[in-house]
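Now, the feature entries from TrEMBL:
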TRANSMEM  27-50  transmembrane segment
DOMAIN    40-291  domain 'G-protein coupled receptors family 1 profile'
TRANSMEM  62-82  transmembrane segment
TRANSMEM  94-118  transmembrane segment
TRANSMEM  139-164  transmembrane segment
TRANSMEM  200-219  transmembrane segment
TRANSMEM  240-260  transmembrane segment
TRANSMEM  272-295  transmembrane segment
């Protein structure tokens, strides 16, 4: 691997540019969104698990896993990021903590992206090829097996390149996520594999399958004229397209800048890249909100919850005796 390529992957892992927003302001910006997002995650996960109808629906299984992994990121990586912005350095300063942080920030992010990429493919199976899940054996093969393979791949990948890398990582406690060392970027094959198969291809799958799903549904709906049938698939489609839109506005610009740096120069758009790196974490913060807003069942639950709260507030209001 050439020196320029090596510099690209290293610089791409840890942005050296500082954005104009002060760190303490970044801390408060994330905190404002963090608390409502955490509450929303608990709310959505509770109803996904407690409701038998939502729990048994095949199209909710991948989304539930997605929310669980994202919830782990919310409980670990996001508070560590805010702590870094508050202190100006990594704390605690230990290699084991840095490995765990990189494992959460890199490994679980790849897991979320890959799981959702499979969810976009699975929607086509659930809507247009439901014969593939007509029996228990087919459900096992075409529904559960791909999920297990995705989780197994992400686990093995994280184990090899993060926990037991084929090289020695050097940590920088003055940089976010310990400088994101990932020394395996110096090895050409692993670096190309990571950029291509862990980032680029999942994003392409998400965009193409989401757009293809929308076009196929519009075409089939106008052709077959069965509104009752397509009304049942509307929930699945809205849920998928809502999350896809979140990926579109947050992850696609970052991926586009990575592509430009790889093709043209690793110095191009470094100031823009610094801002994109910061706003990437809003994908984790907005994911449970998007899931709740795209499901009518959860919307009705939220409305009932707010109505009950308003009624209780009215009951406990003090009254003046005359």
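Yeah, the Cβs are placed from backbone N, Cα and C, and that goes for glycine too.
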Cβ contacts under 8 Å made by the transmembrane segment (139-164) with residues that lie 6+ beyond its boundaries: 58, 61-62, 65, 99, 102-103, 106-107, 110-111, 114-115, 118, 122, 125, 132-133, 182, 184, 190, 194, 198
Within the predicted model, mean pLDDT of the domain 'G-protein coupled receptors family 1 profile' (40-291): 85
Considering the transmembrane segment (94-118), which listed stretch of 27-50, 62-82, 200-219, 272-295 counts the most C-beta pairs under 8 Å: 62-82
